[in-house]
Every structure is written in structure tokens, then in C-alpha cells.
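K.L.:
I grabbed these lines from TrEMBL:
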DOMAIN    630-764  domain 'U3 small nucleolar RNA-associated protein 13 C-terminal'
REPEAT    75-108  repeat 'WD'
REPEAT    117-160  repeat 'WD'
REPEAT    161-201  repeat 'WD'
REPEAT    347-388  repeat 'WD'
REPEAT    392-426  repeat 'WD'
REPEAT    451-483  repeat 'WD'
REPEAT    493-534  repeat 'WD'
REPEAT    535-576  repeat 'WD'
REPEAT    577-609  repeat 'WD'
């Protein structure tokens, strides 16, 4: 990860492309390579002007990154991919460290390779120029754990700093003569560059991925910095930032751990740490690709971005105005995103993968359930922060489905792989905001009722809009209806041929919708448990369904990554939306019923907007515009303003109307001349349109004369080269030739016939005349 000088943009490689993210808004644009090879390293120059990327294709590319434009591509001359890059402080020299154990230096202005430094062993994973460019020194480290100092005047390695026993992960210069190095051998070392000896070793007791020096200016007293002297921040395998004093080699501050941290929980460990002086921020990147921005002077969290979601198993809108979404990814942590800024909170609590979510009607409280056999209730406060207020244990297996009460925040229903349904009451004090805020640790909930519901896994559970009924859908192909008060069975819905994935109550009718692995959706009457309608159209399992458009339509998601919108009244699929590439597990609409969020195994969360009204308005506006233009066209024809009429008829894309105008012009006295004048004055695109129209006219013997008149004008006034530039000229000529030939043959036959009639007539007249002479 790299951040530009003013801290506004963040650059991250992602496979074959490099993403540029606006930090405040989360807006993203990509620099896409042509060679379709993974980017192995990249660097942004200190003046923010040049970005250089290196890929597996052994090419280096220089970019104007703001415009997404590649300015220059050249061969890296390395025999293996480039593993590390660095610019010097003047942005003129670029060092590239390769997997072929060589280092190359490039002059970026004159565009040539100035040095080829050999002598490292293995991959050169770290290169860094000395900040004082007059010294012309380069520092590098490779697999032998040594730090080499190269003199660029002589192209020789002038010193080797040997002290680490594992990979060196970062180098930082305190001043011209002091270097700080961090390593995976759980130590940081301070080196004197005059004597080239180690001044101090600081044991950090964790594998260190990055060490950042705190600036000399600024008040860092809240981080335990009490006196002058060198202090630095480390980020590593324990997942917390620590501040160290070089003079005493002691840790003066460690970030408070927000939860029961396992010893070096691997998913928490940090891989990178950067200081952004312009914004006074420290940025960290974790193994799970979470990017966190802290205030540099207090280490208070400012912003968090999630870089990768893995498989997304469920998603729901959250907040009173649906301003956030809560996402269950393939992990024990929940992610809450603010939609406006992409800011992300990560919620810790569950110990195994979270499987399902549901949100209460007001949007402030929600429930999660997980493979750890528990459920947790979370609450969002006024400023959008989320805390866990209660948890419930009791299921014998992972809890796979959950549903909240609809009218009030009074109870939760869960179902599990242990084939049971449990109803959990929520205590009064949890629902009142004031009391909930004072809770220090999560309350423990107890199940009010437990009922064995099905013979196989229960995949889905739903609570009716009046809180009186519960529906469950199971792998045993059955859906069942239960009373909410005592969990007594009211009826069974039978008819699906495979397991049922989702059950949903209609918000307006006494109807239950179910979706199944047999690819169908069914609607059932709650009174007599009969199947009212079946919707067929999915080619794969239907994983989720929701009612939209005030209960008049159904939206379903399939395991093939397709969404289908169904109109209940007509039983038809009105739209298929193709946005995901894998199973869509999450599907939820907002309170206004005009947006839907979907989540899939392809790691994507997508927002969909209802555009029915917008499209209807656009269609209406188009129709009105059409009517106005048609009226204008008839007025122009009436006033015999043919040029304008031609232009308008072409813009309306009306071949027949254009033909009528041409016919009207030809009926005038001097019609051919007028037609010629009007056709010549058309624009090139209008002439192209007329050409496509006259191909159609020419197929009909009634209209061929008009078509031939226009062709004649075009051939007369347009040079062959100009005609060849017309779009579709090839196909037009191919279509015109055979029909023109046919019309010509017909005219020839007509001419022959008329000549014959004329000849007969002349003969008859001659015969008449000779008879009269005989009589005389």
C-alpha cells in the first residue's frame, strides 16, 4: 500500500491492476495493464508525479496515475520479477530489487539504466536510498538477513550490517547517520552509519513487519513520549501498535486490546505501517486486508477500510435511515460499512464463522448467529458506533438462521443444524437506549422455548409481520408454520422436490413464499396451507427471496449468481439481473423499498437501485418529444420547407417519412434540381442515414425511382474516397447492386415492349392509310 504526499489517495495493487482509492469517499479507479500479468511491486515518487509498476511479464511501466494513463513501458532487464522498488528523495533515480538477486538503478529523466549491482543472495525484498542524495548511497536487504550499503559512485558494496537472524522488513533513517531496521526475528536495531556498528538492539517480542520513526516535532505525550530522543512505532504479528524509546529500549505505549486476544491471533497481525505526516496519521494494513487510519498523536482510530471480504454469507441494511450495511463474511468478525464513505467498523465477539444476520424494524439493533453455537445482539448508538449488548448460548450445533420480531424489539427466533427452533426473549432494559448505553458487558439471554422442528438442518426461519407466527424451511423439503406464543405446530407446506433454502412472509397478504434447491419459488396460503402459485425460471438453487414493491413483486437470488424479479399477479419474470459470479447468499431491501443490497461468495457486496419511476419518466418525456417533432414535421411539409423536413425526419429515424419528403420534392417543378440541392446540403451523418434508408426503398419497384434519384445525387457530388468513408457503405453497395440490376432489366423490358407497341401502331396506321387509298 502507498499513500500520496497529501494523504488524499491510496494506491493498492490487486492482481493485474493497481487501484487508486480516494481516502475520504472510498471512490476507486483502476490502472489496468495490457499484459494481464500480476503486479509484483510498485512505487510512487516523493513528488507524487511518477508511479512505476513492475509485473511478472518483466516489464516496468511509468504512469500518469491521476489520468490512468501509461506513459512509458520498458524491459526491467532483470531475469526474474522485480520484488522491491524505491525512488530517491529527488524523484530522479529509481532502484529495483529483483528476485534474481541483482539491483538495477534507473535514471528516470534520461531514461536509461545507470547501475547493475550484484552480490546479494536470493530475492532482494528491500531497497532504500539514503535521504541525503549527495552521499549517493543505496541500502538493500535480501534473504541472507544482512543489510548491504552500496556506494553508487563506485557501484560497489561498501559495508554489510549483520545483526538480524531473520528477514529484515523495514529500514528508516532518523538523520544522516542513524538507521533503524526491523526484522521478523522479533527485534529492532539502531545502527550508527559512521562506524557502521549496531548502537542498540530493541527486543520487541513479536515478529515485526514495519517500524516507523515518530517525527521530532509534535506532541506525542499521550503515547508515553516524555522526553526528547528517538522513538518509533512497531507493527507486527500481535496486531497492535507499540511505541518504543530507543534510549531505554523500553515499550512506552501499547494500543489497548479491545477483546480477549489469543496469543498472536494470525488474522489480527499487521503487515504494513505508514506515517502520513501531512494528515498527521498512521496507517496500518492487516493480514485480512483491513486498512486502518489512526491519529498519529493519540493512536485513536479515525477511519477503517476493508480491502477484501472473502465469501460474503449475509448482508442487511442498518441504521434508522439505512445509512449503513452490516456484512457477515467468512470469518468470526462482522463488518459494518457506512455507505456514504466506505468507512468500516469491525466487530469482534464471535469465535467462529458468522452464518446469518437479521435487523430489528427500527434499524438500530441487530442479531448475528454463528458456527460457535451462539447468537449475539448488537446495538448502534447515535454516532454510528456498534457494541454487543447481549449473547445467547444453548444450541448444540452451529446456528444457521435467525429472525427478529417485527412489531417491537421483544424476541428473537433461531434455528440450527441440531434441527431445533429456539425463541429468545429480549429484556426490556436492552431496548431502551439510555439503559443499554450503561451496559458494560453483554447480557446473557436464555431460550424461552425450544422445539424440535424438522428431521434435517433448518435453513431458514421467519417471523410474520404481526409477530404471531413463525415459519421454518428445512433440508427435509418441508416448510412448517408455528405459533409464536408456545411454538406449537399449526401446519406443514409440502410440495418442493428438494431442500428449502428460504421462507418469507408477505408484508401485505396472508401468504408465505418459499424457495428451494429444485429451482422454484412457491407461494402458499396460510389458512389452508395450499400452494397458490409456482414460479419457474431459475436453473439453479434459489437461495434467498424477498418481497419488494409493497408486496406485489418477489426478488430471488440463485446459486448461479443471478437475481430475478417476479411480478406475482402475472406469474412472470420481468427482469434478470446479472451482477455476481457466484452464489448470492445475502439479499435485503431497505425501508423505503427503493434499494436492494446483495452479497455473494464472489466477495462482492452490491447495491441495486429501483429505477422503474425514472425509466417511466424518461419514456414519457421521449414520447412527448416525439409527438412535438411529428407535428413540426407535418408543418414543415405543409410549408414546403423540405431541407428542414428532411433533417427532422432523419433525426426521428423515420425512413418512410424521408421517402415521402423525397417524393414531395420530386413532384415539384424542377424536382430533380431541388432534390439535388437539398441532399447536398445534408451533414455527413445525415447522408449516411439516407444511404441506409434508400437501400430499403430500392428493394421495392414502387420506390426505386426516388432511391435511384438520391443515389445519382450522391454519386455525382461525392468523391469515391469520401463515399468509402461512409459507415456501412460496403453492405449498402452489395444490397443496391442486385436490385438496381433488376430494376434496369425491368426498364429494358418495358422499353422493348413500348417500342413494339409503337411499331405495331405505326404499321396499323400505314395499313389504314393504304386501304383508304384503295377505296378512293
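A Cβ is built for glycine as well, from the same backbone N, Cα and C atoms used for every other residue.
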K.L.:
Which value does the mean pLDDT take for the repeat 'WD' (75-108) in this predicted structure?
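P.N.:
That stretch averages a pLDDT of 93.
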K.L.:
With DSSP, how much of the repeat 'WD' (577-609) is helix, how much strand and how much coil, in residues?
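P.N.:
Residue counts in helix, strand and coil order: 0 helix, 19 strand, 14 coil.
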K.L.:
Against which stretches of its own chain does the repeat 'WD' (347-388) lie, if we need a Cβ under 8 Å and a gap of at least six residues from its ends?
P.N.:
258-259, 313-324, 326, 328-336, 338, 394-407, 409, 412, 414, 416, 424, 426, 430-431, 433, 436-437, 442, 445, 591
K.L.:
Apart from its near flanks, which chain residues at least 6 from the ends of the repeat 'WD' (392-426) lie with a Cβ under 8 angstroms of it?
P.N.:
352, 355-362, 365-377, 444-467, 470, 472, 474, 482, 484, 487
K.L.:
Near the repeat 'WD' (493-534), which residues from the same chain, at least 6 beyond its ends, have a CB less than 8 A from one of its CBs?
P.N.:
456, 459-465, 469, 471-481, 540-547, 550-551, 554, 556, 558, 566, 568, 571
K.L.:
Counting by DSSP secondary structure, give me helix, strand and coil numbers for the repeat 'WD' (535-576).
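P.N.:
Residue counts for the repeat 'WD' (535-576) by secondary structure: 0 helix, 26 strand, 16 coil.
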